[in-house]
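Taking it in order: structure first as structure tokens, then the write-up.
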């Protein structure tokens, strides 16, 4: 699933080609995504100028003159630029054709993504209750410490809760916990303030590096320019169960936490 760095990589890749451009038309080949694409999306968006391309959590917000297109990539989705009129394959469901002769193409083999229209996107039910962005000053270890008091749930699903902080998915939660030396099974409420301060800094550091590297390519992800992400070359634990720890040489263990596979080092993470 594309996580925050992959979505931010996509945003940075497509924004220069979209901002300031007028939409010529919207071609929808398949409306049945996680939520149906509005039947009047072509009417609402055609003729409008795209004024901004922003991100909130894992949602891309294409701001037009009279509303905003909210897009989510789901489990396997991608947005990339093609020349208008480029033949579409089976899973290429939407083209937003621009006056420049380019088109923003949405591809989603599993159809778990979304394209929705909103006049007030930050008040939309999908966005209004989200926690702070991890790469802003609004997110810090103090917040993790305060929200975790009295919580018995494991720390990994705790930091993956979008009400706590947005955009920390399975890949980057695993890597941040390893970097901070914290066992992902440890109860969130038992972790000290000092360790949360360290964890927050590692979350910020790892997400920033992942964005710089263009995200992590696992199965389907490509950036807005069609290129893969390269952060997978720097993974310490995610997807490496049974392999040797790059730091201490111990065998990495794979467990299930919150219905997700989690890999950790029994020696480095306590």
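Each Cβ is built from the backbone N, Cα and C atoms, and glycine gets one as well.
Values in this document were obtained by computation on a predicted structure and should not be read as measured data.
Among the residue ranges 201-235, 236-270, the one that Swiss-Prot annotates as zinc finger is 236-270. Taking a C-beta cut-off of under 8 Å and a sequence gap of six or more, residue 91 (DNA binding site) has these contacts in its own chain: 107, 108, 109. Ranking the active-site residues 2, 3, 58, 260 by the distance of their Cα atoms from the Cα of residue 151 (DNA binding site) places 260 first. Across the range of the zinc finger (236-270), the DSSP-based residue counts are 0 helix, 12 strand, 23 coil. With a 10 A radius on its CB, residue 151 (DNA binding site) counts 16 other CB atoms from all the protein chains.
When averaged over the zinc finger (236-270), pLDDT in the model lands at 96.
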